[in-house]
Amino acid sequence: MFDKLNNVVASSFIGRYFKLGNSGVPNARCTNFTTELRAGLATFVTMAYIISVNALVLSDTGGPCVCNSSTGDLCVNDPDYITCKTIVQRDLITGTAAISCIATAIMGIFANLPLALAPGMGMNAYFTYTVVGFHGSGKITYETAIAAVFVEGLLFIFLSIIGIRQWMTKLIPTSIKIAIGAGVGFFLTFIGLQRSAGIALISHDPSTIVTLGGCPEQYYNATTGICNGHNMESPTTWLGILGFLIIVTLLLFREEGNVRFDFLKNVVSFHPMEKTLGAMHFNIGTSDVWVALITFLYLDILDTTGTLYSMAKFSGFLDEHGDFEGSTAAFICDALSISIGSIFGTSPVTTFIESGSGITEGGRTGITSLTVSFFFFISLFFAPIFASIPPWASGPALVVIGAMMAKGIKDINWEYIVDAVPSFLTIAIMPLTYNVAYGLIAGIGSYIVINTFVWLIEKVSFGRISLDKSKKDPWGNFSFGPGGEGLAPPWFVPVVYKIRGIKRTEKIKESIEVMDVKEQTEINHDVVVDVDGKTE
């Protein structure tokens, strides 16, 4: 029955558009319709926690609620403010589900990639506790911060259209590119092991920062995050460990309290947004706003670039030039989602690393994304159920995915210390700072600094002190020409040809003439040019 369904869908317009296996289109992907549906379900289950967790984090800003307390307690004991904040949290549950549905659908339809999008973890914490502040105690109001996110999304779209974001990927050294995927894997593992979105196997410690957790609810201090004894006595932690063992075993054979419960008892309930929908104040003339906007921008560039690259590599989509089919559309979809998300009152939207769970299940096309989008749409009406999924139920899957993504570590160039150290820092900093972008900054920054020192030493010593670079990863192709655009942005090479008075078609023809038969066959599949009035 499933084979018949897969064949029918593959031969239809849907199968051809999404390039399903047996669809008969060039570059069809090794997957089928039912596999895509299963992959979409797997991705949604592992990231459904974002509906409640993102709302919980962002609601700490207080949203548009106004705190008029003069006691300095930031209205934590003000019943009117707390009531307003509760409405904001419900609004953000709806807003998170809505933008996740829309953004993921856009990615699936226009980029045809098995990637899911939602407001990013880490970025929402920066938005809440650094930009706006707890209960609006920061320098920027919630409405102004949301407006800054909207503008940042528009800038992002511009950078994506002209190719700067894709070009930045080529600037990342090979070993650091590999380390990104492994670092994201460790990041996922850290999420899956902690309390907010995992099985609570690790918890906070004032001396060592983290320690062994498994703390029962009655002994857990929510204010300090410290367990007052009784470690590893939490039944939910042990259920999570059991879930982890079940997942691993199946892979071998290829197969909040009373308030949350009261909300769950509603079963079907759509909460219309009352306070956060379109809550923007375009008062972006102050330096504090521009600092926040620029910070959002560069963190999003690095975070999204790293996540998209690692997911593309995990899917097997990367080509020899470090790019993947649909990359431009993917970057534009991601950027567009940021501005749309701000309308729903959320912090910047990004591609989720939990997409790796669907990829692990075999997802390779946009149908996986559309399946995830469908479940986010359903969650709008079943928010009490989906927002009540406990983190210890999805945490084990994140740990397993992290283990799978970490396998790329073996491909890092450990033989050359200048490649090895930045790659290691990339992996280590991501989970330790709870941010993909910071890991990239550490890796790329240390790579630049170390290589600059090496270059300076060699120049000052007139070559008498030099390194054996025979084991160094190849990086940087600054030549201009067919197949040699290297680090130039997509729009830059035609401009160079025009300045030089060289026709691009003539240059490509010249290159084809010196290629062997195999290379000619490959390039004829990829390049169509007009030479001497004929299409070749």
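Every residue gets a Cβ built from N, Cα and C, even glycine.
Straight from TrEMBL, the features:
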- 92-113: transmembrane segment (TRANSMEM)
- 145-164: transmembrane segment (TRANSMEM)
- 176-193: transmembrane segment (TRANSMEM)
- 236-253: transmembrane segment (TRANSMEM)
- 289-309: transmembrane segment (TRANSMEM)
- 329-353: transmembrane segment (TRANSMEM)
- 365-386: transmembrane segment (TRANSMEM)
- 440-457: transmembrane segment (TRANSMEM)
Worksheet item: Near the transmembrane segment (440-457), which same-chain residues lie under 8 Å Cβ to Cβ, leaving out any that are not at least 6 residues past its ends?
Response: 171-173, 176, 179-180, 302-303, 305-306, 418-419, 421-423, 425-426, 428-429, 465, 467
Item to complete: Mind checking which residues of the chain, 6+ beyond the ends of the transmembrane segment (365-386), have their Cβ under 8 Å from one of its Cβ atoms?
Response: 14, 18-20, 29, 31, 33, 36-37, 39-41, 43-44, 47-48, 51-52, 93-94, 97-98, 100-102, 104-105, 107-109, 111-116, 263-271, 358
Worksheet item: the transmembrane segment (329-353): which same-chain residues, six or more beyond its ends, come within Cβ distance under 8 Å?
Response: 43, 47, 50, 54, 58, 63, 91-92, 94-96, 98-100, 102-103, 106-107, 110-113, 115-120, 123-124, 126-128, 146-147, 149-150, 152-154, 156-157, 159-161, 165-166, 184, 187-188, 273, 276-280, 296, 300, 303-304, 307-308, 310-311, 436
